[in-house]
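Enquirer: Quick paste from Swiss-Prot:
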type	residues	note
BINDING	79, 80, 81, 82, 83, 84, 85, 86	ATP binding site
């Protein structure tokens, strides 16, 4: 009996060795034909954690769960007209440039306002802009930029404005059933692998349409077929809620609007979280406003009556004064922002200490240069 078991073990071992050798040979052939890394064991990957880039909004980073937009993924931002979709995308462009990356904007709607983009922090001198004549041209340009591997972010504004060439060449009233959907489906199949390989973030802005004859359920849908819905790792629904009235001389005029951004699909973190932000006209998302609100809820900023204080020091009476104080003190803003991110697990304690050390070193170096009488360039 023992001899029989031993013999069976030897056969199993021999068979296992042969299978392993066959697998190794197959992997070598695949690497030879398709390059190193074409097939790999998941545990061998150097970076298993999803890499992200901040959205430019603290509240949205928290709602996204991972701390920002995942790199190498497709993002869809949709909502009603004038809800703030392009504003959200432009904040991502500004953030990409802030981190030293290159951003491209495919303006299919031919409606980008350079002055507004600059007000949001976008370096318009460095922004790559394309205003294509047709949907195929716009998607082809986006594909070539992504394939280059040199672009960190590509924004397409919008999917609804990507008109197929056949529709442009035809007459108004001609029927082109499913033409745009087929174009988008083909584009998603071609672009998805390249986007993942180059770690480019691709943001597609989309509009809303109404389904005809829907009696029950949500009649709203997005144009361009279903392909984008499937391929997108994150889908954001942007809706403006109430108007924000001014103070003093502007008390009767609207200076912005409160906006809800709902994460309706998320492949890298739990979905259905909502970010509430203030979009101020001419300024974009109020970063100080969202920080004051979130930090107050976490008791990082203390609120007593109308007064806001931090570490025992009063920073303003009323939220507007607190926002103004943080805007005038960027180092304090960054310090509170880091504490909030650590609280939500978006930043490790060690990363926070490292960031604070770098900021401290920069301040010390500046003070040393001034003490030594070295001229500092503006």
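Placement of Cβ uses the backbone N, Cα and C atoms for every residue, glycine included.
Set these features in their place in the structure for me.
Expert: Secondary structure at residue 86 (ATP binding site), as computed by DSSP, is helix. The Cβ of residue 86 (ATP binding site) has 24 other Cβ atoms within 10 Å, all protein chains considered.
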Enquirer: May I have the list of same-chain residues other than 79, 80, 81, 82, 83, 84, 85, 86 whose Cβ is within 8 Å of the Cβ centroid of the recorded ATP site, in sequence order?
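Expert: Everything else in range on the chain: 238, 240.
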